[in-house]
Amino acid sequence: MQVSSLNEVKIYSLSCGKSLPEWLSDRKKRALQKKDVDVRRRIELIQDFEMPTVCTTIKVSKDGQYILATGTYKPRVRCYDTYQLSLKFERCLDSEVVTFEILSDDYSKIVFLHNDRYIEFHSQQGFYYKTRIPKFGRDFSYHYPSCDLYFVGASSEVYRLNLEQGRYLNPLQTDAAENNVCDINSVHGLFATGTVEGRVECWDPRARNRVGLLDCALSSVTADSEINSLPTISALKFNGALTMAVGTSTGQVLLYDLRSDKPLLVKDHQYGLPIKSVRFQESLDLILSADSRIIKMWDKNSGKIFTSLEPEHDINDVCLYPNSGMLFTANETPKMGIYYIPVLGPAPRWCSFLDNLTEELEENPESTVYDDYKFVTKKDLENLGLTHLIGSPFLRAYMHGFFMDIRLYHKVKMMVNPFAYEEYRKDKIRQKIEETRAQRVQLKKLPKVNKELALKLIEEEEEKQKSTWKKKVKNLPNILADDRFKVMFENPDFQVDEESEEFRLLNPLVSKISEKRKKKLRLLKQQELHEQEEEEPEGKPSDAESSESSDDEKDWVEEVRKQRRLLHQEEKMKRQERVKEDQQTVLKPQFYEIKAGEEFRSFKDSATKQKLMNKTLEDRLKLEAKNGTLNISDTTVGSKQLTFTLKRSEQQKKQQEAEKLHRQERKKLRRSASHLKSRHKRGWPFH
């Protein structure tokens, strides 16, 4: 049994090992098992689980008891009983099988689609009926509610065969030239077919009308992918009511939600080979997509690779045993692949002993597939002089490099560089010396920035190392050796400004703290040297330290006051200098340019306008309401209504005043004229 691991996921290959020919007698087989260790250690899970030449398709019945596989040559179908772990029956066919479907829970009803346009029905006893479709078929699906078989192939029509009535129904006419694959959603019965134009057409079997069209070819083209031909649909699978996975001939898998025409996720296999199979794994929300070279398992939500499986031979079909971690593959080789992945699920009931076997192997781990191989790049091969081995069996291409035997690698390495061990030994010694140096104070020279601070830190570190107080207290990391504070001694922006007000006020406090620390260190040294056991030292009262600390506090307060007085004096001197400069300066007239279309009135108007612009919106609204240009009122629905009155310009005001004076003069003239007329009527003179 071969074990491989990718992303810490163990994959057990149960079909690896030598296969014995069928024509060997039991006696010769037993003799081979005694001689050959590989034959003796192999696990034959199901007896004769192979085909004469090639296996094309493989499926599991709904009850999980039977495994059916088709192959060549001659064309045949084999049924294996998992309860008996052996072959149940084998039937030879007239032509090769394109695909087949198990209609019943067991093997009693099977439909085969042949490559010569024939459809063959088998019952439990054997062959039952054969019919023919007009064009070569490529895939088919069974609609259980209506008992209809939908066939797609080298035609634009989808042929329908009703098994209840036993006759063909009117075909569905698609817009495609040919159809490659099809599938039916088991939840709501939606029928989907993938075309050679890279589209997916969805049909409603109840109305026989097309209900949707997806252009997957355009969505599969990404910035990283190189497309040489039109992507066609090569795989199609539904999951649940709304999820659908589509595989293309250029190696992309598109995950769709049926409510959107844009893919949720596009996964590229990076091999450029057609996707042959897409399966969903429900327990871990994984998608298993396979081309002819690799099987990739990736997360349905994020697209992150879970693990991958790369058999030795090309893959034709993949089948996942339901509710388990068992995986079957149909390969271009007589032996069919059986893989067990414990992370995906437990072993099936008929081979439950695999769980115990894998647990024992995990307790006693052995070398995996690549433990005996060394991964080298093309540059490494050039350095070793092994580029001529590219393409030979000594090198196996993998991703951006090659795998080669570890014994060959060491042998060539010793021949190319016989002093490699001495260089390795010198490197190790150099690393040890650097590790011991890293524990010391690294900065011997003072840095360019903050020299005073660095000197102070170095002195404190030296005092800690010399004193025995270092042994009693946990050693703290040095700031000079810490990379987090490296910029403080390199960047000039972090230079401490000793002339600033904050530094001058805090400097007395910092200096007093450093003096206290030195005094405490001296006291500890004296206590250790004299080893006096007295509670209080001679000639010094118990309150000496307290009085000393109080004196220190008084000195610190006086120092701070002194610094404050100096700062006030300096500020006063600066103000006086500023006043002198203002007196000496001669004011010069300033000229302002008036923009085109504007009329200069006065500086007062611009100043008031500037003040008004600096005010908040609320203040401006209050001012306009006070001047009468704004009116705020409540409406019937409870909202506010604002009415603005446009402010008249000065020119309009002058014009209105002139008109008003003109009207007043005319009134006076009319009154005087009427007065004279009345006097004339009465006979009074005009004067």
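Just so you know, glycine gets a Cβ as well, placed from its N, Cα and C.
The model shown is predicted, which means the values in this text are computed figures rather than measured ones.
TrEMBL annotations:
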type	residues	note
COMPBIAS	557-583	compositional bias 'Basic and acidic residues'
COMPBIAS	647-662	compositional bias 'Basic and acidic residues'
COMPBIAS	663-687	compositional bias 'Basic residues'
DOMAIN	1-364	domain 'Nucleolar protein 10-like N-terminal'
DOMAIN	369-417	domain 'Nucleolar protein 10-like second'
DOMAIN	482-508	domain 'NUC153'
REGION	527-583	region 'Disordered'
REGION	643-687	region 'Disordered'
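Residue counts for the domain 'Nucleolar protein 10-like second' (369-417) under DSSP, helix first, then strand, then coil, are 21 helix, 13 strand, 15 coil. Averaged across the domain 'Nucleolar protein 10-like N-terminal' (1-364), pLDDT for the predicted model comes to 87. Each residue in the compositional bias 'Basic and acidic residues' (557-583) gets a DSSP state, and the totals come to 27 helix, 0 strand, 0 coil.
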